[in-house]
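Copied over from TrEMBL:
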- 28-56: transmembrane segment (TRANSMEM)
- 98-117: transmembrane segment (TRANSMEM)
- 129-150: transmembrane segment (TRANSMEM)
- 156-181: transmembrane segment (TRANSMEM)
- 193-217: transmembrane segment (TRANSMEM)
- 223-244: transmembrane segment (TRANSMEM)
- 278-296: transmembrane segment (TRANSMEM)
- 316-336: transmembrane segment (TRANSMEM)
- 348-367: transmembrane segment (TRANSMEM)
Amino acid sequence: MDPSVNTEKTDIMKEDTKNNVHNNWRRFIVGPIIVFYTFVFQAIFTITSQYAFYILQKQKFANKTMDTSQNNQSVCVQNKSLEIFHEMEEIQKEVATWNVYCNLGTGIPSFVAVILINSYSDRIGRKKAFLIPICGTIINASFCAAVAYFEISIYYIPITLFLEGLSGAWIGMIHTGYAYVADISEAGKSRTLAMATLDICIGVGMVMAQLVVGYLIHWTGFFIPMITIDACLVVSFILVLMLPETVQAAPKEKISPVEYVKNVFEFYVSPELAGKRWKYIICTTVFSCSILAYFGRISVETVYQLSSPFCWNSVQIGWFAALRSLLQFMIGMGLVKLLQKGFSDEMIGFVGALTSAGSSALEALAYNDWMMYLGMYTTEMVSVTCAVSLLNI
């Protein structure tokens, strides 16, 4: 049989699939899916960070006459001359070390899983690529709920985070979200608007999580928020099942997984793309550094805010984080668009990096609430600018 006939038939099938999806209102469900999952991701991060600080204090001060359960808040001591102040510093170090285990537990397997799962999504379909990380997160969230209820050692959590990482976790979910949006939009302004809308969905999910979780912890403790997270994951799972598939079923011939991985990295080694590749590599490096700075910052920020001299509770932490997310995803993106009228993308990125570095330095030196709020601007402008630069290459 002539190979060109098969190619033509496949192209027609793909075009039919694309038209069917474009005429189906259910394609917009991808937005709520990302909102729910982003809510879950941010909520788990917020709850586990505060719970680790709380439970370690409860265990450390079990034989002392201190109430560590009032309003589900941890103890905060501001008098540096007391022995308990130095014991609190030791707990801070232990929580910071635990955070490192958690980040490594989910980060390393996620990197490998995203390469495999998302490269395979062009063959197995976007819906399966959505469902895999959701299932992994359900496992982790359910175990975290059990840890909060039975007060199991927090050092088991990195194990379930590793299992979640094997599913791709939030990295795979967001990556698939962008791939799905690219499938249902046309190149140009339509796709740019669709990508921006997805960014807004991410921001909405983060803001909602930070506000809601702060109050839930304050009112009910740590177990009910984790059950709420499981419920949101079930809703996400159902919504994905309703989502129309954008990838036409591939032929049944077997293709080695190594071939898929090779295709992923081919862009970075192919001599045909040597003229543009260096731009992507630089933007990817800058983006990776900004993400590293962002997650490195929020990993220790919760412990920093719970401790002296701030002694914030879960509600105060929630409002601070929600306001910062609002600035990042709403005002920050609008500011980038405004600055583009007079500055290049490279200059905006440079200014954004300096602003972020100054923000982190101010927060490190802060000794009252207003200084914390003054230094809340983070590295998001760099990330957004890199995305804009990539679109313009």
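Glycine is no exception: its Cβ is also placed from the backbone N, Cα and C atoms.
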Mark yes when the transmembrane segment (223-244) and the transmembrane segment (278-296) have three or more Cβ pairs under 8 Å (sequence separation 6 or more) and no when they do not.
no
Per the Cβ under 8 Å criterion, with at least 6 residues separating them from its ends, the transmembrane segment (129-150) contacts 33, 37, 40-41, 44, 47-48, 51, 117-118, 120-121, 156-157, 160-161, 163-170, 172-173, 176-177, 179-180, 221-223, 226-227, 229-230, 233-234, 236-237, 240, 243
Intrachain residues whose Cβ lies under 8 Å of the transmembrane segment (156-181), provided they are six or more past its termini:
30, 33-34, 37-38, 41, 48, 98, 101-102, 104-111, 113-114, 117-118, 121, 126, 129-130, 132-137, 139-140, 143-144, 147, 191, 194-195, 197-198, 202, 243, 246
State the non-local partners of the transmembrane segment (193-217) in its own chain: residues 6+ outside its ends, Cβ under 8 Å from one of its Cβ atoms.
30-32, 34-43, 46-47, 50, 72, 174, 177-178, 181-182, 184-185, 224-225, 228, 314-319, 321-322, 325-326, 328-330, 333, 384, 387
In the same chain, who gets a Cβ under 8 Å from the transmembrane segment (98-117) while lying at least 6 residues past its ends?
48-49, 52, 129, 132-133, 154-155, 157-159, 161-162, 164-172, 175, 257, 260-261, 264, 295, 299-300, 303
